[in-house]
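Asker: The structure is given below, and queries will be raised subsequently.
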Amino acid sequence: MSIDPAVKPVIAVDGASKTFGAVRALSEVSFSVARGECVGLVGHNGAGKSTLVNILNGSLTPDAGTIHLEGLAADRYSVVAARASGLRCVFQELSLCPNLTVTENTRIMHSGIKGLGWRRNAAALIRAKLDEIFPGHGIDGGQTVAELSIAERQMVEIATAFSQSDHAVRLVILDEPTSSLDSSLAAQLLAYIRRFVAEGGSVVLISHILSEILTTADRIVVMKDGQVVASGPAAEFSVDTLVGAMGSVVRARDARRVFEAGAEGGPVLQQRALGNAEAMDFVAYRGEILGLAGLGGHGQTRTLVSLFMNAGGDWRGRRQTKIAFVAGDRHVDGNLPLWSTLKNLTLTLLPDLTRLGLIDRRKEASVAGNWRERMEIRTNDLGNPILSLSGGNQQKVLFARALATTAPVVLMDDPMRGVDIGTKQEVYHMLRVEADKGRTFVWYSTEMDEVCQCDRVYVFREGRIVAELTGEDVTEERVLAASFAGGAA
Amino acid sequence: MAAIKAMLAKPWIWSFVAAAGVWMVTILFTAGASTLGLTQAALTFAAFSIIVGLGQMFVITLGPGNVDLSIPSTMTLAGTVALKLMDTNNGLIAVGILVTLAVGVTVGIGNYTLIKLLRIPPIIATLSSSFIIQSTAIWYNRGIRIKPPRVLAEFTTASTLGIPNVAWLALAISIVAWVLLERGIYGRWVSAIGQNMRAARLAGVPVDGVRVATYVLCAVLAALAGFLLSCFSGGAALNMGAEYLLTSIAVVVIGGTAVAGGFANVPGIWGASLFLFLVVSMLNTYGASAGVRLFLTGVIIIAVIIAASRRLGEGSSTS
């Protein structure tokens, strides 16, 4: 590796390998992070990024290879040793206790806060860090985590990792930190990372949003099939070369369709705005990709859920369902954790696979096998539990659950969290093809790039639709302007 | 070896191991003299627990908080009403069966109405409805014991091919329940709701329909068990369902169904029902006093649950 030998790395693994049963998750990976450096780590779902992170933070022991901490060999490396040497992790699977308050969660991660007044000290610690990273966050330390939106939970988790009590924070590993954050929050975080690094801290940033990696990281490491396949200064990469290194090609964006209201018959879905005169009604037409934009947590998810619930289906299962839902917050809205991947995938389609109340299991297996190929779901057996899949692959299963049906309307609640760019592009294309066939997609996304793919966009603010953008007007600037207009930015 | 390992990973195996163990110990004590009698009695009495246990199993699988406490009173009401209507007349048996089913359907819909409309937790809803149901039974025939029609009395106490008729009935119901659970869309839906009700609803599962069907199924099975039990024991008694409150829950738990919901299994209900009956008869055979009997029953049940749950934990961590 091309690291200046004079600069001692904060942490270095050399020749690390790890296998789980028959799956080789990591093979002879060497990876290091220097002081004052932000390393970007990219790769497909299941490329081995999370395994590498778990080796770095001490929760997995590699089958072969060594770990050096601050240049010293760490023989008995562990989570405790990693934490004591100033390493922090923010996981893709959020790890806060939902029944405790923000302050109490802070105290759990910082065992140094002790004695009378711990609550006050913990509250001050987390508030200061939240204010520093996400000015204007609006999170109260007394709220329980369950009351927070998924974006707010992620903000708390990030702030907890960066805040300092007994041990100095030297290295923070961020696994998909922006996947639930909207663009303005993501920008705040990325700016903070640069400040942290400038002050001598180190960061490992994992993201599927390549523009973030390119602008924020000093050096980029690309992983594929458990190996490092490319590594170099960020300036030497572009989106195209990164995607190429991961083993995909950049697809030309499919042409957007310009819609005229009612051109293809009446609306397929509508909901009147409640009470307020400023708000606009929600209307979706046949064959369009309708985006829901705006800052995260401004009522987009609530709107999607109420559209779904109002479509009925509480009492009777239906063949050829009229509406399907793709969950984004997969632990709360999507996964059935005791089940196999197969059963999770076919749940919505089940009435169509059933005769006289009995499931046609051969047909079920063939539908699921077909969708595993189409979505490139990485698991060697669809009978494996859903939770054994990586986060991005779980998300693909939820996508397949909805797309496998013939539902003319598909509601999507920021479904691409943690999905790699290759699959994303496949799905974007699939959406466009399906929309051309007459399906309607209602798509809430926190990623501006996805919003800009939509034919038409409703911008949400404080629970209401405040603007509608169509065709060429769907641009980042317009969406941002509408998200903030009138309100305090 | 692999086959044995696979068997040991089944959550229901422990209830059968325990039942077989207790059976052997009892037989040994009497030097084999009681083999046939004990087996027949076990199958007969277990049959009633199995029928109510299957209903409770589906309800518990609906997820945390779901349990039907109205099973005993439903049994009493169904037995009382059916026997009074039939009035020992063999020609009215069909009417009796229809009335039994109607009692079950009414109770089930009533229970879910309380749960849904008044938003009462199921445990409170079914507890309060059980008082109403029990009072209805008392009011209906003032505790007068009416004999079952002769044909029914003979049928429920007789055996076919050496197996008690009620056990055959329980077997038939169990097979239907197994098909519903393992091969039917209904079982999938129940399991999905038990794991995450919101996720199930957003995946298109008709949550209300499945839940009401489950409470109705449970109440119908309880009514049927009450009907059979009152025919078997020569008449309906007001307290005849009492012991089935805890039994119905215990057989579900011992049988390896997840108490937190989302996972159920039918064979375990059989193992657990046989086991519960055999433990009591074993202790009786050994001449234990009532206090010792209850104490040991508790200890043995705890031991079996620990054995079963440990296996289950290991199984899931290696997969």
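Keep in mind that glycine also has a Cβ here, set from the backbone N, Cα and C atoms.
What TrEMBL says about a protein is an automatic prediction, not a curated fact.
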Asker: Taking B:244-263, B:264-283 as the choices, which stretch does TrEMBL tie to transmembrane segment?
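Answerer: It is B:244-263 that TrEMBL describes as transmembrane segment.
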Asker: Could you check if the transmembrane segment (B:244-263) is in contact with the transmembrane segment (B:43-63), meaning 3+ Cβ pairs under 8 Å among residue pairs at least 6 apart in sequence?
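Answerer: Yes, since the transmembrane segment (B:244-263) and the transmembrane segment (B:43-63) share at least 3 Cβ pairs closer than 8 Å, they count as touching.
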Asker: Which listed range (B:12-31, B:43-63, B:92-114, B:120-140, B:161-181) shows the maximal number of Cβ pairs under 8 Å with respect to the transmembrane segment (B:212-232)?
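Answerer: Checked against B:12-31, B:43-63, B:92-114, B:120-140, B:161-181; highest Cβ contact count belongs to B:92-114.
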Asker: For the transmembrane segment (B:120-140), find every same-chain residue at least 6 residues outside the stretch whose CB is under 8 Å from a CB in it, and list them.
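Answerer: Distal contacts: 59, 65-70, 72-74, 76-77, 80-81, 84, 107, 110-111, 114, 238.
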Asker: What residues in the same chain, six or more past the boundaries of the transmembrane segment (B:43-63), come closer than 8 Å to it by Cβ-Cβ distance?
Answerer: 71, 75, 122, 163-164, 166-167, 169-170, 173-174, 177, 181, 190-191, 193-195, 197, 210-211, 214-215, 217-222, 224-225, 228-229, 232, 244, 247-249, 251-252, 255, 257-264, 266, 269-270, 272-274, 276-277
Asker: If we skip the immediate neighbours and take only residues 6+ beyond the ends of the transmembrane segment (B:92-114), which ones have a Cβ under 8 Å from one of its Cβ atoms?
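Answerer: Distant Cβ neighbours of the transmembrane segment (B:92-114) are 68, 70, 74, 77-78, 81-83, 85-86, 120, 122, 125-126, 128-129, 133, 149, 151-152, 211-212, 215-224, 226-227.
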